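Lifted from TrEMBL, the feature list:
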- 289: active site, nucleophile (ACT_SITE)
- 761: active site, proton acceptor (ACT_SITE)
- 155, 158, 175, 188: Zn(2+) binding site (BINDING)
- 131-239: domain 'UBP-type' (DOMAIN)
- 280-799: domain 'USP' (DOMAIN)
- 587-628: domain 'UBA' (DOMAIN)
- 662-702: domain 'UBA' (DOMAIN)
């Protein structure tokens, strides 16, 4: 609240706006609050050429802060702090040592001197500048023939596969130190340094074209290695090598005249800024453009608008005591910021005149800064919690997972994306088939490079590019492969060979082929173009292609047909499970794990699938994944006890989750034994995907539900059962889907610029009110030339039949 400031509870240290402070007092009984208000003194040029102060209110520490640069020389501050005592709203100005107890004075001083959580998250304010290691220039590397593969690493001393470090002297791959929470490793990398004195190591998994995480054991801190490309190349990792041209620029830095950076951002074209509801930009918090692009697309969908923004008063009224840790509150808050129009207002006439008089143009202070949202949604995630660039597709799936786990009302907005895929697998030798179904949210479309319509131009361009590289000249004008969309759709529908296929008809490995069809069509179809590959030479590659994506799409011909007359099904016999006497000695087939991971499944789930199916190949492990992907501990790490049994967590320890979404009775009994009603236990388990620990947290964070009568809970349980069985056709079991016609219209797309998902920039284009709009972080403008052929993720909505 820019006018009312911020109220901080002196007991919980949670902050509230003016409109919520009364509710918090009534709900908790906490009566002492610290009221903070900041007055910004803006220097406006006076008639004499000097500056006179212009006073205005500004909010302090709020999440939906505008993008004003309040650190510039154009502003000064006046901060005001008071203690407010409820219910009489008695005010005590601060500082006031005479009237206040010493303990209260100390608490107020500590709070006022603490850094804002947003400043803590700002990389410019909390990240220390790394220094170049003193060993980097003179590092000796042993010529021992070691070559590091692009995947499948493990510690050479304990077989750990996480937190691994590559010693830059001898190429040893060893685990890092152990952390207090049980994560990390066994400290073998440090032990190796103490034995050998080899000082520098790079963390595997952090190597990108922009650098890597390097640690100096001798200097006992993270460091920079200016020669990291050369040091990695010694072990066969040439990912970072770049040739330097005569003018001192790297080849990568010379942008061709038709680079995707210019085309996607519509550079060189005067774009008209857009203002008002639905045209609010988002500040880039440091490589957070992937989040900005996805959230702009998500909140352009009416179902998400209704679920969060339309239900905002109810969500706020029933939010837990700590709303910063509540997903639905944070979603509603962000959606309101994007759709209300309060943070997207055109400049007033006086400000424009002032800019003209000062002969300068300053960007308007519009948009929101989603710091609190990013901090919550990425908490505990090893990638999204970092400040590195991420894959927008992976973040989209992460968001959908959180939406699924945190239901809001009777409508689950993620239902609009969910569809069923029918997988038809055929044994090439016996000709028998197997039909399975799985849930998906994204149609992944392969790039049919062999179908390029300008092959001659591509060959000529490649020859010119190599000649320019050899002569150290600027590269020629880019020629981009033109791929027909129909060819990509055809490649999606064609059969694929199944490696290591195990035929239940033959009881042996055999050749197999698999085709995919839609068992249902979603309300909103999300299409990902599979542009990114990762070569065996460690070089991440992006297929720089132009695909003529249609405005109107008809995929009804991809509707699944099920078992056909004359087809014979494969016997429903599972492959033999091979468990060695010493489970720790099991060598999981990493090639099968990577094949599954490339399909988008969590890495730990892939490792468990390969383990449980005895390394019989990716096809067999895939079937295991389909059968277990709804289990709460599906993506939990594989834990092997000393007795050779696989430890489990969550609902799997009590039995598999039923299709009807009924939680296991064992879990219900545990919660009932704690004194809670049976209906409340069932509701909490359903709301948390049958996770016992999260169900208890849910109960304690929803105390108002305990006060409801048992008949009311019965009615809510009945509604949940009805809502859980929304199916296509007349079926009564299975996931919630909204089947319909396969005819769609394009309404948005997310584009990526750069050579890898680990670097670059994301931009979103959305069609609103009949015209295309570009969302480039804070910049929201009418699009003049939407680059629909260069997108990465496309959003289609169903055309009513």
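Each residue, glycine too, has its Cβ placed from N, Cα and C.
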### Message
Mean pLDDT across the domain 'USP' (280-799), rounded to an integer, is what?
### Response
80
### Message
Can you give me the Cα-Cα distance between residue 289 (active site, nucleophile) and residue 761 (active site, proton acceptor) in Å, rounded to a whole number?
### Response
6
### Message
Within a 10 Å radius of its Cβ, which of these binding-site residues (155, 158, 175) has the fewest neighbouring Cβ atoms?
### Response
158
#### Entry: Same chain, 6+ residues apart, C-beta under 8 Å of the C-beta of residue 188 (Zn(2+) binding site), given in sequence order
155, 156, 157, 158, 174, 175
### Message
Neighbours of the Zn(2+) site 155, 158, 175, 188: Cβ within 8 Å of the Cβ centroid, same chain, sequence order.
### Response
156, 157, 159, 160, 164, 174, 185, 186, 187, 189
### Query
By DSSP, what is the split of the domain 'UBA' (587-628) into helix, strand and coil residues?
30 helix, 0 strand, 12 coil
